[in-house]
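Annotated Zn(2+) binding site per Swiss-Prot: 16, 18, 36, 39, in sequence order.
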């Protein structure tokens, strides 16, 4: 196998907007998510409206559209 072809795998945290922090390993430093297993309707049994419009607005803002 060739050396130095794989990205560095290190300890990182996944942070949800609900406040849940999940330690894990990844090639990325910090990962931020909008929905995790603590607040996802499938796991909680409580349905809630997911703001899809906010995602579109963030995309447009990010790419200057």
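From the backbone N, Cα and C atoms, a Cβ is placed for every residue, glycine too.
Apart from 16, 18, 36, 39, the Zn(2+) site neighbourhood in this chain, defined by C-beta within 8 angstroms of the site C-beta centre, holds 17, 19, 20, 33, 34, 35, 37, 38, 40. Around residue 39 (Zn(2+) binding site), a 10 Å sphere centred on its CB holds 17 further CB atoms from the protein chains shown.
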